[in-house]
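These features come from TrEMBL:
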| type | residues | note |
| --- | --- | --- |
| TRANSMEM | 28-49 | transmembrane segment |
| TRANSMEM | 70-93 | transmembrane segment |
| TRANSMEM | 105-129 | transmembrane segment |
| TRANSMEM | 141-163 | transmembrane segment |
| TRANSMEM | 183-208 | transmembrane segment |
| TRANSMEM | 220-241 | transmembrane segment |
| TRANSMEM | 253-275 | transmembrane segment |
| TRANSMEM | 296-318 | transmembrane segment |
| TRANSMEM | 324-346 | transmembrane segment |
Amino acid sequence: MSTSGFAIATWCYTQGAYVAQYLSFSRMLINIFCFNIVWVFIECLPVIFATRYGIDLWIWLRSVLGRRGVAVLSTIISVANFGWYAVAASLFSSSMINLAAKFGLVLNAAVWSPVLGCLCVVLGTLIALGGPNVIKWTNRFLVTALLAVGVVVVVLCFTAVPLREIVAVKPVLDADMTPLQAFMISAEGNVAFAFSWSTQALVLPRLAKTERGGYWGTTLAYGVVAPFFVARGVMALAMFVRTGVYESDPTNMLSYLCGSGFALLSLLLVAFANVGTQGTGSYVNCMIVKSGMPKVSYKVLVLIAMVYVSALTVWGGVEEHFGAFISIAAFIQAPIIGMIVVDYLVVKKRKLSLKAAYFIEGHDAYRFTGGFNLVGIGCVILSCL
């Protein structure tokens, strides 16, 4: 339940609507579940060491990239990761504005969109400052509630629009795009979706009590729960049947498909999900940065993250260029995941010197010239070329 904190965010609707534009209903489901499950089950194999040693991915990477190499790359990746939370905050603000309109309160989007988006970030920051215990219990409640709501939403969707009409929707293809090309573009988006949060995925499992629990708790969260929420892009197909437009805002979806009486259901989906995800994401990414810069205060990092995500939210460019964003995020993170899987299973054969990883005096196996393992850094650079 705790690791599913990322999977419940409404950016899954954005991803689902993105895929729905390219594929028919059946192909969309195959594409979303197959590519996410396959890649998540592989990339999460190192979760076993996170649970065994009680450390996250970035502590292990000190042995691969060097102390300063981890500091640099963890910061770069966290800067990219925080774009997800700007998307969540933007969806929160737009949904709250639409929700207010359903009750007759018209809010100026130019004024209230950044204000409400920043409010979402601030509320998430308060959760992050509470630490892992607050996040654990928050996510246990939210994930349970929102999975139930998700099932209700799917049922309502098929009730509002007959399945035969959803299945009959023709994907919106470019003039020169073949069905295979459309399928592979969507596949690229789903693989990128799986990769783009993978470096965050190996932080919370260190708190698990058993290796089995850590692995399955992580893979089921990102390989099943997240695709389930993404698959509700079927609502985007239903919206296309009704309006001719692919919509990613769940408030608008529920309003058009089921009537304004379900506005409070969308409030539960949008408000609670995004605030909870903000808290989880802030904690995880600040811990990633702290792995590379252990002397920096966690609370200071959380506050810096709050300012940064708020700035991205006000800017609005991440959501506007969502497809490019997830591809770039995956492009940065895929080499790291590939290296850690190979290093864990093949090079180090699932063994690590914790004393060397924490640079205890007399244990210098992972001390490199200038703090950088040039071989590891070179592999990352070559993978990106």
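Residue 1 is the first one shown; counting continues down the chain.
Cβ coordinates come from backbone N, Cα and C, glycine included.
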- Task: May I ask for the residues of the chain that lie six or more residues beyond the transmembrane segment (105-129) and have a Cβ under 8 Å from a Cβ within it?
- Result: 85-86, 88-90, 92-94, 96-97, 135, 138, 274-283, 286, 299, 302-303, 305-306, 309-310, 313-314
- Item | Per Cβ pairs under 8 Å, the stretch of 70-93, 183-208, 220-241, 296-318 packing most closely against the transmembrane segment (141-163) | 220-241
- Query: To the transmembrane segment (183-208), which of 28-49, 70-93, 296-318, 324-346 is linked by the most Cβ pairs under 8 Å?
  - Reply: 28-49
